[in-house]
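Remarks on the structure that follows.
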């Protein structure tokens, strides 16, 4: 996760994170990416059921009842363990988390245990009554997925009217005083809608958006050919940077982030070296605090059936199940080769990759997204094919 607005628009300084000792339990949510202890933010895909059928869904969700989901009591036991382990945030996701009737109860329980509770939703089922309940239980944030304006989004979601329904859900949350934001997965079919999405942020006073680079997992594994080319990715990031700057210059300081491609960090830094060298030095310090991709370290995932994964895109590999062992025990068990490798990946990347092994940004990006390397090359430790930096930019010939 790269905080575009924080870094490019200068809304965060290194001292902001240092003031809290970079302790994940003390840091405000907008500074968690700079924590030193990297206690995992945990995505709990609490259900596989969903009222939509998105073409890029990593969970391959459907609108049917699935067996073997963690019960309410099992969910509370998971939350107990996460809270005692020091996980600062639990992100309720799916499928569609609002289809579970016990979502408010579980979110309230997480808050009681001192965790921040957030949800990732398609927004279409959030009526005013549900928004009131979510506000009452102290939900910190509602992230609504929109992958384009109206027709583009509805095509992705597999339902006519999904865009308008999602906006209604977002408005209901706003009216109840819940912080909201958008989630947008970039690909060839919707990249042209990025300017309109920025317009929507301003028109609807939406304070946050995360732009996700495409990850080849679940139904998204069938969309490899729909991913942007490397040059198109650079152009998309340039556009996001430009529109973010313009928003801030107009007095609307929206929080803009990019997710799942950590070469965005060095790319932004190199851009600032030309535009504002003094700020570039501060940004490099912040990127060093961020430490790059955190799958298996600062981000984890628990499936609806209790399986533990390195993140929500690693569903094909489980480290264990919370029905058999606590998450905290599974997460710290280095007898699993992949878990141990993800926590100390640089030697493995240097042994197996070409570009990454020679890259001067490896300490900043941490090898980018391993699951994408595996999907394309069949090797977890190979180069991430979505890295758009040139050989000159990574210092390939200097190594």
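Just so it is clear, glycine is given a Cβ too, placed from its N, Cα and C backbone atoms.
What Swiss-Prot lists as [4Fe-4S] cluster binding site is 50, 54, 57, and the listing cites sequence analysis. Under the heading domain 'Radical SAM core', Swiss-Prot lists 36-253, citing sequence analysis as support.
Residue 50 ([4Fe-4S] cluster binding site) carries neither a helix nor a strand DSSP state and counts as coil.
Counted within 10 Å of its Cβ, the other Cβ atoms near residue 50 ([4Fe-4S] cluster binding site) come to 26, all protein chains included.
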